[in-house]
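Novice: According to Swiss-Prot, the DNA-binding region annotation covers 100-176. Look at Swiss-Prot and you will find 227-237 tagged as compositional bias 'Basic and acidic residues'. Look at Swiss-Prot and you will find LYS162, LYS163 tagged as N6-acetyllysine, backed by experimental evidence. Per Swiss-Prot, the feature region 'Modulating' maps to 1-99. The region 'Required for phosphorylation by CSNK1E and cytoplasmic localization' annotation in Swiss-Prot covers 1-60, and the record cites similarity to another entry as its basis. Summarising the annotation, Swiss-Prot assigns region 'Disordered' to 13-61, 222-250. What Swiss-Prot records for 397-579 is region 'Interaction with ZNHIT1'.
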Amino acid sequence: MEVNAGGVIAYISSSSSASSPASCHSEGSENSFQSSSSSVPSSPNSSNSDTNGNPKNGDLANIEGILKNDRIDCSMKTSKSSAPGMTKSHSGVTKFSGMVLLCKVCGDVASGFHYGVHACEGCKGFFRRSIQQNIQYKKCLKNENCSIMRMNRNRCQQCRFKKCLSVGMSRDAVRFGRIPKREKQRMLIEMQSAMKTMMNSQFSGHLQNDTLVEHHEQTALPAQEQLRPKPQLEQENIKSSSPPSSDFAKEEVIGMVTRAHKDTFMYNQEQQENSAESMQPQRGERIPKNMEQYNLNHDHCGNGLSSHFPCSESQQHLNGQFKGRNIMHYPNGHAICIANGHCMNFSNAYTQRVCDRVPIDGFSQNENKNSYLCNTGGRMHLVCPMSKSPYVDPHKSGHEIWEEFSMSFTPAVKEVVEFAKRIPGFRDLSQHDQVNLLKAGTFEVLMVRFASLFDAKERTVTFLSGKKYSVDDLHSMGAGDLLNSMFEFSEKLNALQLSDEEMSLFTAVVLVSADRSGIENVNSVEALQETLIRALRTLIMKNHPNEASIFTKLLLKLPDLRSLNNMHSEELLAFKVHP
């Protein structure tokens, strides 16, 4: 199936409305101020889930109770008073359905929606000054664990600034200022519409193609198989794909999900690990500055790279389909096809790993690396380990960079789709609900999967190309809060030392969430979710009988993932608007 460029990024919003991801932030943060009044919402979306389906702190107890929470569907607007029923009084107090909204940083009365969250005037001004003046605050004397409240918010400025970032205040919102309302609405409507169309096309295509394959296999069955009564066939199909209940032990659920996870994810990871030993990049190594140094000869295997890439017959066939494009193979088994600055990825399902990678020239000891890394004309970087490289060619347009970044997700997204289809009971959901779950949860699944790419001990991040970069190098390229938050999440998740089985079940729980926006048959999704959570609980209790807190810690990772999803959405939007 042909995938449109940029289509794999549309999981950043599962809402059909023209809405800004930057206006939606997760309430699921243990740093959020919620203690003053449990009945007062701190978001314009006064519901158990925002547009991306983010659970709030108050829902964590319900999540442990197999997520028996209420849901209210809300839609975002592009203006500051984004939710229906939200008003702003003459005194500057923001209210929602008659209830006063509180500042997410200090708990004071919020004056409005500032820099991505509801905040008071004090915290709004504090955050703006901190960013604009690049203030370095005095080190906290309490290990950066100060509790920020209205009465003591000026006591520790470092912790206050940290709290601003943790609840979702956006540096970019301060840096870029305001976009005219009409222009912002036009851009958002245009972008969201295109993203939704392409995403629906991609996910629906994956699911429909799988259905066609199954139909073809069924027609190829022996005659005696085709002549069997339909009710019997239907009964067996239902039995094999329905959510396991009393007929299936929880151990069988665990086994099925673990096999699905291993077959779709772990193989590629092992390939990457095996190749990393022989192709370990040196510190400071980089992608070639000018990709045009390779000969674009259309008549040779690898399109001018035959001297470096010995190719098989299947690879020759692949190159014939994409004639006129450079094809480079990276250690994780993905072939990057470069054509006129655009990238397309092909996973191991399409091509064999039979090509060696061209050695990449590194920096000399005396070369000024920072001047090279930052010489992009002041443009933004998409420094995200889910792209093939943090390097941004200064000669490429923002549109080209966006397409490259989008297409780098294609193999990973396809693996998520394949994993989802093998979760017992997932295929029984309506195709509409399957697509919505995949759109809303793909980034979070990838975040769990790629947590192993973050090495807290070495302070390095491995990108999808298989190359490692130090955190300091990435910061010099423009990496900011998103990378820091991803690193922090990965460090905490890796610290739990989950087994393959536990990671598989947790990944399934992350994907199948009944509180996602746009779900039609909530009861069916909730039943499947309940089955998976019970299986995860059983597995954790079995493997860690003396560490019951691990299950709770895993559930607490769900709102953290929602926050990361929103931050990622905001960064993508900021890049799209200001490349």
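Each position is counted from 1, following the chain as shown.
Yeah, the Cβs are placed from backbone N, Cα and C, and that goes for glycine too.
For each feature listed, report its degree of burial, its nearest neighbours and the pertinent distances within the displayed model.
Specialist: Along the DNA-binding region (100-176), the predicted structure has mean pLDDT 87.
Close to LYS162 (N6-acetyllysine) in the fold, though at least 6 residues off in sequence, lie GLU144, each with a CB less than 8 Å from its CB.
Classification of LYS163 (N6-acetyllysine) by DSSP places it within a helix.
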Novice: Just counting, how many other CB atoms are there within 10 A of the CB of LYS163 (N6-acetyllysine)?
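Specialist: Taking every protein chain into account, the count is 24.
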Novice: Using DSSP, tally how many residues of the DNA-binding region (100-176) sit in helix, strand and coil.
Specialist: 28 helix, 9 strand, 40 coil
